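I have placed the structure first, in the form of structure tokens, so that the comments after it can refer back to it.
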Amino acid sequence: MSNQQIKEKIISLNNYLKHLNHLYYDLDAPEVDDKTYDSLYNELLELEAKYPSLVLEDSVTKIIGAFVSNKFKKTKHNKEMLSLDKAYKESEIFSFYENFTQYKNLENFGFSLEPKIDGLSISIHYDNGKFIKAITRGDGTTGEDVSENVFQIRDVPKQISYLKPLEVRGEIYMKKSTWKSLNEDIKNQYFQTNIEKIFSYMQALPKSKSWSNLKIKTPIFFKNARNAAAGTLRQKDPKIVKSRNLSSLFYEIVSPLEHNLKTQMEVLAFLKEQNFEVNEFQKLAKNDQEIMFEINEFSKIKNNFEFDCDGFVIKFNLIDKWEQIGFTSKFPKWAIAYKYMLEEANTKILNIVAQVGRTGNITYIAQFMPVELNNTTVQNATLHNYEFIKKNNINIGDEITIIKSGEIIPKVISIYKKNTDSVFEKVLNCPSCNSLLEIPEGYVDQFCRNENCDEKKIQMLTFFVSKNCLNITNLSVQNIRIFYNHPVIQMREIQDIFLLKNHVDEIKKIKFFAGKSQENKKINNILQSIEKAKDAYLRNVLAALGIKGIGNIAANLLTNKITKLSDLNNLTDEDLLSIDTFGEKSIENLKEFLSSEKNQDLIKFLDENLNYLNSKKSSKLNNLNFAITGSLSISRDEFKKIILDNGGIFSNSVSKNTSYLISNSKENSTKIKKALENNIKVITEEEFHNLLKEENA
């Protein structure tokens with residue numbers, strides 16, 4: 001893949017993971033199972049590690065957890081509730097273990113092992129032996145006070161014998177049998193309610209003369225036990241919480257050394273002594289071989305438990321070393337969660353279709369007999385490009401093995417049973433416009449080169465209004481398709497988006513928008529979003545044009561040399577080559593874009609109709625290029641804003657163009673080593689602020 005394609009992949013994964021986070025943490029309505037999420041997250045991590053210059057500032061890999069709901073009182077945690085780093089392979093467990101071999105007599109205290117419960121993290125406070133309050137994890141720093149609801153859970157102790165102030169942490173979950181009973185109750189209630197409704201309606205039928213007015217809602221079942229637990233814990237009525245029989249398991253005490261608890265195994269024993277529910281399957285392993293043995297042993301029985309379990313938690317047992325071992329911004333370094341392999345399924349291909357994207361690239365999709373993967377029904381999977389189909393000898397009618405992996409839709413990983421004698425025939429023409437497809441030099445993907453291809457243009461418009469570009473929030477791809485295909489509106493070009501206000505009468509006649517005041521509100525929301533988007537940062541507008549190789553980072557660097565889009569025409573090769581990440585290919589792509597009369601018309605239109613916001617507050621750091629490594633006193637996004645606001649250039653990686661590398665750490669990270677090798681000055685956060693003061697003087 002080209003850099004631009006990789007960048008688009010990273011943006012796509014990041015946006016989708018944000019969407020999943022919102023559903024999972026804030027709405028209690030997960031769209032995918034945890035294994036699918038973990039695989040998506042893992043693919044993003046791998047891409048970021050491989051292409052550090054393409055890491056997004058708002059990457060979900062930098063965020064601890066959920067946003068805080070507004071349903072319950074926000075409460076700050078006394079100590080952050082961090083998540084755990086994850087391992088997927090045996091080799092990653094061995095690497096984790098290597099970090100501790102420096103300690104003498106390691107086998108004497110070893111590692112505690114516990115199953116990873118798929119529930120909702122909770123922190124409960126006790127004082128003088130009494131239950132005081134319960135707080136959800138939230139974003140790791142601030143959670144929700146759900147004390148009244150947690151108090152209804154039967155196995156959560158309301159009184160303990162330990163009298164000192166104590167904070168314990170664990171998981172609230174719903175047993176599998178309880179979840180099944182709850183869904184059965186929902187079904188029975190549904191039938192009972194609607195039988196009565198139908199009976200009453202039948203009695204009135206001679207008057208109504210029609211069944212068309214009888215409206216019966218479809219019952220809403222909980223897809224899995226975690227959904228049921230999440231929906232229950234955030235109920236406004238504590239009586240409902242009590243009736244649904246939630247359960248708990250605890251595994252942590254905050255500041256255990258203050259309670260004279262020296263090992264994690266002692267913590268678990270203390271919790272049990274105080275009548276907290278703890279997992280009975282807890283082990284102590286002396287070394288990496290024993291860790292893997294216990295992980296493999298538990299995998300054989302994990303489905304026999306009443307709780308959902310997707311992993312195994314390994315903690316360095318000796319607590320007084322935890323602070324010394326330390327933390328990242330998201331994880332403790334002394335613990336890790338081993339995640340079990342993703343579930344696979346076999347199914348039969350019913351059809352293979354080709355789809356065209358914004359750049360014209362063709363993706364093949366397999367449509368197959370629906371199968372269940374971790375409580376999710378799937379019936380489509382990506383086949384990537386024709387080379388993948390050819391290499392794996394895939395055709396309609398073959399039986400395949402699929403896995404919910406690092407894609408928004410599942411992946412085909414192999415042929416399970418070959419039922420045909422041939423391979424699927426290569427698509428030669430664009431599925432949208434029927435143009436002959438091409439394979440550019442250096443690529444394996446096929447491309448549609450027709451600039452007027454309808455689907456390409458729809459995808460281009462969708463990209464332009466997306467969050468990382470113009471962020472026109474209410475103009476969905478569904479709306480774009482409607483306006484694009486309308487005989488009068490014909491929203492075919494970017495300029496047409498800003499002329500949509502001239503077609504309000506036509507929009508009101510469209511069935512989707514017609515009649516109701518609610519639908520008129522939809523129209524107003526779209527138009528208001530478009531007007532709001534006219535005040536835009538130049539870097540976002542440039543990125544929204546979709547020029548190959550010029551994503552958000554390159555656009556940000558490029559806009560340091562221009563004040564409007566038309567200034568691009570005046571930049572020399574020398575100007576462009578002085579920009580970090582810009583090479584001959586990027587220059588070629590930019591020149592190709594600017595050579596089009598159609599694109600020049602677009603540039604002129606945007607310059608005349610948009611108000612470019614100036615993000616710079618000063619020029620103190622003009623022509624200085626900064627990179628960052630390690631943790632700082634403020635978030636990386638905030639630090640980046642200071643650099644950009646003062647005219648500096650921010651880059652995710654160290655290169656020959658880097659002026660300073662900012663780091664508070666004395667450790668020799670990869671970035672620090674590269675900076676020193678290239679005679680780039682490494683400065684602390686304090687030295688950076690001193691530099692700002694000097695420039696100001």
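Including glycine, each Cβ sits where the backbone N, Cα and C put it.
Sequence annotations record features per position, and here Swiss-Prot assigns NAD(+) binding site to Asp34, Lys35, Thr36, Tyr37, Asp38, Ser83, Leu84, Glu114, Arg137, Glu171, Lys315, Lys339 based on sequence analysis. Residues near Leu84 (NAD(+) binding site) in space but far in sequence (CB under 8 A, at least 6 apart, same chain), listed by position: Val313, Phe331, Pro332, Ala335, Ile336, Ala337.
If you draw a 10 Å sphere around the CB of Lys116 (active site, N6-AMP-lysine intermediate), it holds 24 other CB atoms from the protein chains shown. Per Swiss-Prot, the feature active site, N6-AMP-lysine intermediate maps to Lys116; the stated evidence is sequence analysis.
On its own chain, Cys453 (Zn(2+) binding site) has Val356, Gly360, Cys430, Ser432, Cys433, Ser435 as residues at least 6 apart in sequence with a Cβ closer than 8 Å to its own Cβ. The secondary structure of Cys453 (Zn(2+) binding site), as reduced to three states from DSSP, is coil rather than helix or strand. According to Swiss-Prot, the Zn(2+) binding site annotation covers Cys430, Cys433, Cys448, Cys453, on the basis of sequence analysis.
The annotation domain 'BRCT' is assigned in Swiss-Prot to 616-697 on the grounds of sequence analysis.
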Helix, strand and coil residues within the domain 'BRCT' (616-697) as assigned by DSSP: 30 helix, 12 strand, 40 coil
Three-state secondary structure, Arg137 (NAD(+) binding site) (per DSSP): coil
Conformational class of Cys433 (Zn(2+) binding site) under the three-state DSSP mapping: coil
Where Thr36 (NAD(+) binding site) sits in the secondary structure, as DSSP reduces it to three classes: helix
Candidate recorded positions Thr36, Lys116, Arg137, Lys315, pick with smallest Cα gap to Cys448 (Zn(2+) binding site): Thr36
Alpha-carbon distance [Lys116 (active site, N6-AMP-lysine intermediate); Arg137 (NAD(+) binding site)] in Å: 16
PLDDT averaged over every residue in the domain 'BRCT' (616-697): 78
Environment of Cys430, Cys433, Cys448, Cys453, the listed Zn(2+) site - residues of the same chain whose CB lies within 8 A of the CB centroid: Val356, Gly360, Asn429, Pro431, Ser432, Asn434, Ser435, Arg449, Asn450, Asp454, Glu455, Lys456
C-beta crowding around Cys430 (Zn(2+) binding site), within 10 angstroms: 23
